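What TrEMBL says about this one:
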- 100-317: domain 'Serine aminopeptidase S33' (DOMAIN)
- Ser181: active site, charge relay system (ACT_SITE)
- Asp312: active site, charge relay system (ACT_SITE)
- His341: active site, charge relay system (ACT_SITE)
Amino acid sequence: MKKVQLVHAQSACPGLDAGSKKTLAEIVEERCPSLASGATFRQSPLVPGGHAQTVYAFLGYYYYYAHSLVSPRFTSEVFRLSDGGTVVLDWALCPDHTERPIVTVVSGVTGTSCDFYVRKCYKELARLGYSVVVVHSRGCAGSRLTTPLPFHCGLTDDYREVVASIRSRFPECPLLGLSFSLGANIMTKYAGEEGDNCPLTAAIAVGNPYDMYQVIEQLDSQWLSYSRIYDIAILNFLKSAFKSNKETILSAPVGFNAKKIAHSSSIMEFTEEMTRKAFGYESAKHLLDDSSCHQHMRNIRIPMLFLNSLDDPICTPPLIPYEEFASNPFLILALTEDGGHIGYMGGIWPRSWIEHPVSQFFQAILASSESPGSDESAKDQ
């Protein structure tokens, strides 16, 4: 049996079900059938194993990219940040968007609104009447850097500014956070940094790496493994982003060596030669350790669901901080045996599963939350 395993604290999650003192796991058991006792995820026999699941979801990007050219689903906004930088926001507003929930999405290092898992979740959330906004990193989604500062795996300030702006523009809408891979690290770190002041009603992190230094060191060291494919793909994306914004990045008075950056042979080397210098860190390890979300999880004060697969070839099980889930009542971890890195393709003929726990968890928290407007937000769903 491929049962979903839940890891959680035994104490009540404050602020849910009008002070009934239920644990987050009890809320999930009652309202999230995809994660409740006896729930299973069985990978498709046509997409067997963690690598196949991961690659299948990655290739799905090209389908949705081509589809977006013919039938766009999002409207882009260029959002200007306080330091002069810009990020692209892809919006899909529901008809009653001044009152309904808004889901802010942060995807992976190469992520866009065309990602397979983003589109699958968007489709289900739109069906429920939620608005969706995909928050891209600086210099990504076809945009160019407008300051020398690029993005990095722990940069939360940009997302913080975007969320604050959305809150001021739509004060009546519950805000939700949905994140994947590198974006999961950023959103989790953000939620921990905000603590009691976090404006999100709830958040979800899928395929969270938790410890950025360990993940990258692991990817860089697996020369004779299939995982080397992911290392090369991520490195090539970083180099491409640098090449597209080379003049802007090199204009910073930092003392970059453009040749070393362009010829980096690993993600760690690229981080050492470019990213850590851009942000003033002593070393790549210092930046990656400081960027890792696991050290902020104890301070999270909103209900937050984490989804990880035990056969994830990128964010491997030994990196999961189980002790944080056992001690913080606001957190719950759902583990599946299969699914790869954000693949989660089930059924005989491959079909996506991830949108079901995502939508169910958001509905459960909105229905259980004591925050103003949450009851209205969860009606008729």
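Glycine is treated like the rest: Cβ placed from N, Cα and C.
Recorded features from TrEMBL, shown on the structure.
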residue: Ser181; record: active site, charge relay system; CB count, 10 Å: 27
residue: Asp312; record: active site, charge relay system; CB count, 10 Å: 25
residue: His341; record: active site, charge relay system; CB count, 10 Å: 28
Item to check | Pairwise Cα distance for Asp312 (active site, charge relay system)/His341 (active site, charge relay system) [Å, integer] | outcome: 5
Checklist entry - How many Å separate the Cα atoms of His341 (active site, charge relay system) and Ser181 (active site, charge relay system)? => result 8
Checklist entry - Taking every residue in the domain 'Serine aminopeptidase S33' (100-317), what is their average pLDDT? => result 93
